[in-house]
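S.K.: Sharing a structure, written as structure tokens. Questions coming.
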Ligand SMILES: C[S@@+](CC[C@H](N)C(=O)[O-])C[C@H]1O[C@@H](n2cnc3c(N)ncnc32)[C@H](O)[C@@H]1O
């Protein structure tokens, strides 16, 4: 940033500054199956950030509530959810290409048709491709916790981000988070409780039991046996 004291100052002067990102791009190799799945399914199921604002009716060929998932990993639980809710449409966003391939492979195997995916930064997809007030639900499951204090700024749940996200939820739409890292759960709760326009769906004003629509992951089952916790948070857009 050189002579500029803050990112805002530098940006105001028109200097390009790399923003803090919630991920580090790993160039993992694709398996043959993942590569084939992308090759075979991208034209049907892939969405491109560069194409700009989406028209959901056109994308899915129908009108249905749209659920968007940020950072779906290998996509196993996302595909399962899409399969279990054929009356909803799903959009998954993931930066990790092998994950995108794995998700498309699973979707093909399961015969899921109500799912589309982006291979891109979810922050940019939300800003540039998702219409305002359009989403029934946004899911953020086990986001990178960034354990070290000096890395906490990389956590995707931040006051500015959750307000941008609120603008994309319909009124009555829900932002659903889950994490197995207690310190991140507390951070989420603090950011969301202070955030304007959201109402906590928890009766005790903190966490909610895992809702049926979120499948239990393998690692979570193992975690339960070891006595590890998982925290779900659900906040509704009320204005
Ligand atoms: C810890 S993994 C969890 C994956 C999955 N949700 C699960 O529960 O197994 C977090 C994932 O979020 C992805 N991710 C992080 N920041 C992202 C962003 N800004 N846009 C899209 N994906 C992101 C990472 O690539 C990673 O795959």
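Any Cβ shown, glycine's included, is placed from N, Cα and C.
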S.K.: Quick check on the annotation: TrEMBL has 69, 121, 144 binding S-adenosyl-L-methionine, so which of 39, 44, 94 does it put in that site too?
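M.R.: As annotated by TrEMBL, 69, 121, 144 share the S-adenosyl-L-methionine site with 94, chosen from 39, 44, 94.
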S.K.: With respect to ligand 1, which members of the binding-site residues 69, 148, 180, 220 satisfy a Cβ distance under 6 angstroms to one of its atoms?
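M.R.: Cβ under 6 Å from ligand 1: none.
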S.K.: Helix, strand or coil: which one is residue 218 (substrate binding site) in, per DSSP?
M.R.: helix
S.K.: Across the listed S-adenosyl-L-methionine-binding residues, 69, 94, 121, 144, what is the farthest Cα to Cα distance, given in whole Å?
M.R.: 14
S.K.: 10 Å Cβ neighbour count around residue 69 (S-adenosyl-L-methionine binding site)?
M.R.: 26
S.K.: Tell me the Cα distance separating residue 121 (S-adenosyl-L-methionine binding site) from residue 148 (substrate binding site), rounded to the nearest angstrom.
M.R.: 22
S.K.: How far is it from residue 217 (substrate binding site) to residue 144 (S-adenosyl-L-methionine binding site), counting Cα to Cα, in Å?
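M.R.: That separation, Cα to Cα, works out to 16 Å.
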